[in-house]
Amino acid sequence: MTQATSERVIWRNARLATLNPDYSQPYGLLERHALLVRNGRIEAIVADADAPGGRSIDLEGRLVTPGLIDCHTHLIFGGSRAQEWEQRLNGVSYQTISANGGGINSTVRATRDSSEAELLALAQPRLARLLREGVTTLEIKSGYGLDLQNERKMLRVARQLADDNGVELSATLLSAHATPPEYHGDADGYISLVCETILPTLWQEGLFESVDVFCENVGFSPQQTERVFQAAQALGIPVKGHVEQLSSLGGAQLVSRYHGLSADHIEYLTEEGVAAMRESGTVAALLPGAFYFLNETRKPPVELLRKYQVPMAVATDFNPGTSPFASLHLAMNMACVKFGLTPEEAWAGVTRHAARALGRQDSHGQLAAGFVANFAIWDAEHPVEMVYEPGRAPLWGRVVRGERQ
């Protein structure tokens, strides 16, 4: 990523969709305004007529939004699950597929068998699809290595991928994603490995900034999840959780008790869980791609989230098994069509609320003075166009820390 310049640059003659809730206009729209950028941050937002002299870039009336943030991805993995998907369409159960060596274990096996260079090459085109949609920050999880060596490998690849492509990274340790084959029948033993070895070692190496757990009947129990959260808390590491996707186990309350950044999926979230999230400031991360791909029918309780004013993020959940969609615009569209969000809520979900889900709400996700100068420039009249027509992606430019990529 190029270094931010100390010279002030004026991005002028723009229509700004600031996504700043302090403005009364929908999307925080400001007509004919300019962004003053210095040292990788937005110095000020002024009316174009009031912009000072100096180095300037004329945007010719183009739309500018905050850079998009994908706050939940599993971008690094080996292998493919396409044939498995075809089997499921033909009526073969996941249990049968898994018993025959498929399912998440096939991804674990392929990821373990891949070198860092191979994983980097596989991830590059996936990331490229997100960048073409204006993404400037994304979260990438581990969770297909499931041992110290391979979890380290995944996180190293995530860092290299971000460094090579002009995008900001939020890396998450998801070692508690599934029980690896060598611990079959001993999930508690594997959680001990996570808590005592994988988590502290990779934290000391500086490879991640938050910890996630798949808390579900087919994943880890609330008790096992809490062991991981306690280990993270002891080191001062923020937590988040895959919770209430397939059943209601009280995972949202558990995440909230540890002041988690986000509770993700949450199709089976109860009102008690929503209230707990409101109290703790935990973001609801909606993942409509997985809902669609699995042909689920139970939807997240969007009306309750609105009632309790819980921020709703929207993410791709890009992964090989349940959401093979590297398109944040498609996720926004699905969130509107399937979950009932408004387009403006969907935009907030991939900007300021996604930033909050990563603990970056004070620096990312809005066009505002003092915020990091991450923004996307569009050949479009209005933000709704990207939600309405996923796949078009009329991106003119992507700016990260003040530098066009």
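Placed from the backbone N, Cα and C atoms, the Cβ positions cover glycine too.
These figures come from a predicted structure and were not determined experimentally.
All chains included, 24 other C-beta atoms sit within 10 angstroms of the C-beta of HIS74 (Zn(2+) binding site). Sequence annotations record features per position, and here Swiss-Prot assigns Zn(2+) binding site to HIS72, HIS74, HIS242, ASP317.
HIS72 (Zn(2+) binding site) carries neither a helix nor a strand DSSP state and counts as coil. Annotated Fe(3+) binding site per Swiss-Prot: HIS72, HIS74, HIS242, ASP317, in sequence order.
HIS177 (4-imidazolone-5-propanoate binding site) falls within neither a helix nor a strand when secondary structure is assigned with DSSP, and so counts as coil. Look at Swiss-Prot and you will find ARG81, TYR144, HIS177, GLN245, THR322 tagged as 4-imidazolone-5-propanoate binding site, backed by sequence analysis.
Taken residue by residue with DSSP, GLY321 (N-formimidoyl-L-glutamate binding site) is part of neither helix nor strand, so it is coil. A 10 Å cutoff on Cβ-Cβ distances gives GLY321 (N-formimidoyl-L-glutamate binding site) a total of 20 other Cβ atoms nearby, all chains included. Among the features that Swiss-Prot reports, N-formimidoyl-L-glutamate binding site is placed at TYR144, ASN319, GLY321, with the record citing sequence analysis.
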Please list residues from the chain of TYR144 (4-imidazolone-5-propanoate binding site) whose Cβ is under 8 angstroms from its Cβ, counting only those at least six apart in sequence.
HIS74, ILE76, PHE77, GLY78, ILE104, THR107, VAL108, THR111, ASN150, MET154, HIS177
Measure from the Cβ of ASP317 (Zn(2+) binding site) and count the other Cβ atoms within 10 Å, all protein chains considered.
27
Looking at the binding-site residues HIS72, HIS177, which one has the fewest other Cβ atoms within 10 Å of its own Cβ?
HIS177
Can you tell me the CA-to-CA distance separating ASN319 (N-formimidoyl-L-glutamate binding site) and ARG81 (4-imidazolone-5-propanoate binding site), as a whole number of Å?
10
